[in-house]
């Protein structure tokens, strides 16, 4: 059994040793004597009794509190009685009266609702099917494991509206509805279905959370009253349903700032912090519009208070357990999804933790969540310990996924089983196989989660953090101390940091005013501002006063700065084995040490290994090593004992995609999971390495072994050295593992490690790193295309500003410019003249020989095509799917709607595409997946835009459109199977039409323009399937949240380049009964064509103008394309923002407008018909092909 005590022994720390061994590491040089203080986790004397957070028996001395919480909080006995009446024994235990259960998914990935609900939904489907229930699933997101046809018995990939869900209920007749696995989307749907009478009409029971409990937790007024009933405090507040009511509440509270929280919304959408009356009015308007019940809570600000969360579970026998405590490093005022969080809570005494635990149990009982998981959020005053209850989520949440991965306790799986009658003591713990789920998890490590942001994708928006969530992803890391897990989590973000500090960061060049502002005002880079402030000599007390980040955390961070300073004061050769162990125990990466000692990462690694300083791997076991863990879920540390125990089976290491970001999201995790499933079926042990807590890939039972580690070359090579797998797969995780392909290959070529199975050397499976580089290196790729006689747009590689201007002059404007080696169109732009090109080169990118910029002719008015193809190691190539984009070329493929099969492309063009794709796959020696993008001009010329010999974000969509799991096939061909073995030898062209539409987070980023371009900005996608394109497109728009009007007024404002299409667009909407209004130039064009149109003023032409019509509800659909004129650009931007604020559908491309007209025509002529995925094609059982 491992030692629970994480306190470092002074005997093993040479930094504490006498100056005789190494004078540079003398204690006398420390800034204070507590340099290497103990972790916040202490030895627990009664682990069986305590929960994950109850181990903190000693209160950190640096906390600025006048007293303990004891005198402030009521004893448990003083809480109002919330015990429930005993449950009747006949309903405790698995229910046999239920046969069919419907699960509501979460829909597309949006900010505030991401992969974690695929994780929870997948767990729920598996858990219920294990128990023999028939599962019906509704979800519009194709990039999910839960929507695979084998996950549920009946799968509907369709819009999630009350009317369409009711249609499925009528058709499938489920006995029960489980709404707690799909986030806010599912909860709101369940409430709507219950209140409309649909559930009662068809005899459907809500399980997991009853209607009363959902409303009591989600309705701000009911929740406030409930807390009052049990004697718990909430911030002084009031409920407003109109703007006047909101101002009345503000008057009563009496001071700014004020927090505005809309009811029944996701990720704080529509809410915020108001510091004055103008901001208050704006946020209240937004919140009232965003709330499903037009209700907002206006409450006193608790800015600067500490924030904690507890994950709670309750069963039908009224057993309640606390799964995990979570502490936000950022104080109140920052949405918990945007805060750096730590589990278990680090700055609570045991007594304080027990109080919050008691409150959580009282709350879940008062709200009435009979069974399942809930998340409770607390605010604690750092001065006197006063506690306020912030909110409660009566469902599986983002924090639930984090708590599940942090503890190994599968909250969603347990919640699903509890919903059908099981009690916690009746469900075994999968990890220990000896303890029941009623044992509260105990953990002997620290977990840190850090959010990832994408403000650079939304120019014009302010990079500030408030109560409205804005992060697009997150990383998580585990370590034996906070310092270790924090540094690992930071380098897991893949934002250019190898840890905290030991790097050239912009904040070091800031003056004191800039630094103080960044410390005071929450922003994505505040943690780096803390580093810069400490480096510049700012004291902990001052940083605390500015940031309100707890002094315990600041003390821990200051120690890291001191370690960095020690490293910088000497050379690598001076560092002893003991010194290196102490530095690595604090999470410092080889790259950080190299920076500090002015050496290279490879030199540090060589020295470290020569000294025998290698990581050990610990198991996540839910019980702090009290019982053996049977599931190999590992994290690295520089502790003594290694618990990994690798074996000599045939095995494959799969590198995941890391944290979600725009351009690399759930689609790549989907591919990684399918790879693992397929190779397990083929008899391989699969090993997953990833750092994203939201995903299915990091579920402990997705692969045979899981390493929760950063995706850096250091951490990956450490696992390779330990496991020595037969193969390493880099093709499925997006750009993250691809960047590691060449360094891994160089390492394998140099050291030639042999696999533990004895089958030969460790090697990268699939397409070679050299072929990947050939496709991404522009000069090599151009040479290949010239050899194969494949056409591409005219262009060149610019290594200076002069090069770029010369290429643009040669090919002619407009041109597309972008840096090489990017994903998601990062820093890609269309420019129309020299001045804009110069501006781009000065502001967006650095151009030099080391960082060339690609300059290509922009093919305006061309149609873009996406092709996913599959190639085996025998040279056989099969087209997986050819997708036609609805938006013209120039809009990033990830942001464009697309359809499969193609609808308007001539057969000759399709044949050219098939021929070129096949030739290229063979030339690059592709083994696995490849994605190619083409453009077809109006004259029928075909051009190849780019090729990526890896899995693309369209693979899940294509797989579900054609009924073949392409990622599984790709994994199997890498293992040596042929496409003939898999019975996949020719392109499948389905009879039905599938449409994929992108979903955008514009409402979260006020001030940014919603117009689409070559830089990807969508966070997720939806899919629909129908017999005709028009109905499939309409369904996709509804699923994406676009409420298409069936009548009313259409506003048109088109630039000169798109006016040739204007007549067709206007006639299409007139024939549907719409009225047309247009700005002067557009109206003049239509009048010349004899088309009835009403003129409306542009914003700079006077009042009433187009924005007034939007505000007055006189415009129901808008088409605005951007022109080069500065005033028109400003007007168009403001109108598009106005449309977003008033929820008016806005279209920014001609093709999108024409498709929308077709979709509206379909909606007016016939009702949407819901069809299960299993009715379109037979479910493919890949394992049967391997027999």
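In case you wondered, yes, glycine gets a Cβ from its N, Cα and C as well.
Computed from a predicted structure; not experimentally measured.
Matching 810, 946 to the ATP 2 binding residues that Swiss-Prot gives (818, 857, 859, 864, 890, 891, 892, 893, 933) identifies 946. The most densely surrounded of the binding-site residues 220, 818, 892, judged by C-beta neighbours within 10 angstroms, is 220. Each of the binding-site residues 393, 933 was scored by the number of other CB atoms within 10 A of its CB, and the lowest score belongs to 933. Straight-line distance linking the Cα atoms of residue 307 (ATP 1 binding site) and residue 391 (Mg(2+) 1 binding site), rounded to a whole number, equals 11 Å. Across the structure, residue 948 (Mg(2+) 4 binding site) and residue 377 (ATP 1 binding site) are spaced 44 Å apart at their Cα atoms. The binding-site residues listed here are 307, 391, 946; among them, 307 has the most other Cβ atoms within 10 Å of its own Cβ. Looking only at other Cβ atoms within 10 Å, the busiest spot among the binding-site residues 334, 859 turns out to be 334. In three-state terms derived from DSSP, residue 334 (ATP 1 binding site) belongs to neither a helical nor a strand segment and is classed as coil. Counting in whole angstrom, residue 892 (ATP 2 binding site) lies 43 from residue 300 (ATP 1 binding site) by their C-alpha atoms. Annotation for residue 377 (ATP 1 binding site): same-chain Cβ neighbours under 8 Å, separated by at least 6 residues, are 307, 308, 309, 336, 389, 390, 391, 392. You'll find the Cα of residue 393 (Mg(2+) 2 binding site) roughly 17 Å from the Cα of residue 334 (ATP 1 binding site). Counting only same-chain residues six or more apart in sequence, the Cβ atoms lying under 8 angstroms from the Cβ of residue 890 (ATP 2 binding site) belong to 816, 830, 858, 859, 860, 1013, 1014.
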